[in-house]
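Asks: The structure under discussion is supplied below as structure tokens; questions concerning it will follow.
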Amino acid sequence: MGRANKVVLAYSGGVDTSVCIPYLKQEWGVEEVITFAADLGQGDELEPIRQKALDAGASQSLVGDLIQPFIEEFAFPAIRANALYEGRYPLSTALARPLIARRLVEVAREVGADAVAHGCTGKGNDQVRFDVAIAALAPDLKVLTPAREWGMSREETIAYGERCGIPAPVSKKSPYSIDLNLLGRSIEAGPLEDPMVAPPEEVFAMTSPMSDTPDAAEEIEIAFEAGNPVAINGQVLDPVAMIREANRLAGSHGIGRLDMIENRVVGIKSREIYETPGLLLLIQAHQELESLTLAADVLRSKRQLEMQWADLVYQGLWFGPLKDALDGFMDRTQQHVNGVVRLRLYKGNATVIGRGSTQSSLYVPAMASYGSEDAFDHRAAEGFIYVWGLPTRLWAASQRTSG
């Protein structure tokens, strides 16, 4: 008897997930493999996937359009949380995994599968994200992980696939592993594994090389309501269109490239190249608007919790209790994050040059001004400073006495 009867495999069309199809059937005795590929805004990349999975031995090849929930339910909460893993990476890949896992479980229920599978290796982050999410959503489903167990090198995996009639998609000329969705691209492997090797221009697709960016700066305005971006330059956009337009604007100016050494969940460091033009632009604008509309103590607390929120998502704990609790905090803070941020885009940089809110601004010109309209009570400062500095004076006096 095989490890499962009917399996739904999370399918990308890459080497590992393609080889998983014959491997599950031939090596693990799975009777039927159904593949599911998520359309997350990859574009034309998904067109050949259906037939490729069928050619590899899948009984059904399903593709699901998840673009709208991806942006509304995953990307927008990340913008509201200013989610930047290790202060830099806006989680463009990590945000997709809990959504794929959720839909994978739903498909398994619909087709009566007794297991799900993925093609993640044993040293990556995605295996953690998929396994933990599936365990939270459907603890009764088996999770099969052939790529984690088969012990084959990448070359051996490609050779196994070729014996099963699966062509190798990666050539020596292009040795990179690329993950793509509407939020961005992640590029790794090949010569990029040497952290001293500069990424060649050929690995980028969403951002213009600096030599091709406009020589004139472009100023734009992004409007937010309840923490969500809703308009660019006065044009109201739905969430998906918002990301597309932000990608276009930022990418055309070469904004959104990241080259970083990243600490993976499994404990190793990896070199990652990311392109996330629109998401980084929107997070930057959102942060700036919060500085205008949130009280100081709320803002300080939120900045600390943002790091924890990003860590939880990166570590595959989207469906965990702490993430759920932090969502409540984030949502509550966003009620008054309404307004407009003006940015100047130029040669790889987005610079905030203005911000305003007619509804929620806590910036009071009469209090901030040093001119004749100054309404701040300067006389009150003396008493405030006396009380504020009292602990310091008492401590200093005790040091003089003991010394």
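First residue shown is number 1, and so on along the chain.
Glycine is no exception: its Cβ is also placed from the backbone N, Cα and C atoms.
Straight out of Swiss-Prot:
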type: BINDING; residues: ALA10, TYR11, SER12, GLY13, GLY14, VAL15, ASP16, THR17, SER18, ALA38, GLY119; note: ATP binding site
type: BINDING; residues: TYR89, ASN125, ARG129, SER177, SER186, GLU262, TYR274; note: L-citrulline binding site
type: BINDING; residues: THR121, ASN125, ASP126; note: L-aspartate binding site
Asks: Got a sec? Which of these binding-site residues, TYR89, TYR274, has the most Cβ atoms within 10 Å?
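Replies: Answer returned by the neighbour count: TYR274.
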Asks: These are the binding-site residues: SER12, THR121. Which one scores highest on other Cβ atoms within 10 Å?
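Replies: The most densely surrounded of these binding-site residues is SER12.
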Asks: Where ASP16 (ATP binding site) and ASN125 (L-citrulline binding site) are concerned, what is their Cα separation in Å, rounded?
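Replies: Cα of ASP16 (ATP binding site) to Cα of ASN125 (L-citrulline binding site) measures 15 Å after rounding.
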Asks: Given a 10 Å Cβ-Cβ cut-off, pick out the one of the binding-site residues GLY14, GLY119 that has the most other Cβ atoms nearby.
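Replies: The residue with the most neighbouring Cβ atoms within 10 Å is GLY119.
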Asks: Determine which residues of the same chain, besides THR121, ASN125, ASP126, have their CB within 8 A of the center of the CB atoms at the recorded L-aspartate site, and list them by sequence.
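Replies: After dropping the recorded site residues, what remains is CYS120, LYS123, GLY124, GLN127, VAL128, ARG129.
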Asks: How many other Cβ atoms sit within 10 Å of the Cβ of SER18 (ATP binding site)?
Replies: 30
Asks: Restricting the comparison to the binding-site residues TYR89, ASN125, SER186, GLU262, which residue's C-alpha is spatially nearest the C-alpha of GLY14 (ATP binding site)?
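Replies: Given the candidates TYR89, ASN125, SER186, GLU262, the nearest one is SER186.
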Asks: DSSP secondary structure for ARG129 (L-citrulline binding site), reduced to helix/strand/coil, please.
Replies: helix
Asks: List the Cα distance (Å, whole number) between ALA10 (ATP binding site) and ASP126 (L-aspartate binding site).
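Replies: It is 12 Å, counting Cα to Cα.
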Asks: Please report the Cα separation of SER12 (ATP binding site) and SER177 (L-citrulline binding site) in Å, rounded to an integer.
Replies: 12
Asks: Sort out the sequence-distant neighbours of ASN125 (L-citrulline binding site) for me: same chain, 6+ apart, CB within less than 8 Å of its CB, listed by position.
Replies: ALA94, ARG264, VAL265, VAL266, TYR314, GLN315, GLY316
Asks: May I ask which residues of the same chain, at least 6 positions away in sequence, place their Cβ under 8 angstroms from the Cβ of ARG129 (L-citrulline binding site)?
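Replies: In sequence order, the residues whose Cβ lies under 8 Å from that of ARG129 (L-citrulline binding site) (at least 6 apart) are ALA94, ARG97, PRO98, ALA101, GLY316, TRP318.
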Asks: If you measure every Cα to Cα pair among TYR89, ASN125, ARG129, SER177, SER186, GLU262, TYR274, the residues listed for L-citrulline, what is the largest value in Å?
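Replies: Taking every pair among TYR89, ASN125, ARG129, SER177, SER186, GLU262, TYR274, the longest Cα gap is 19 Å.
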Asks: Just counting, how many other CB atoms are there within 10 A of the CB of ASP16 (ATP binding site)?
Replies: 22
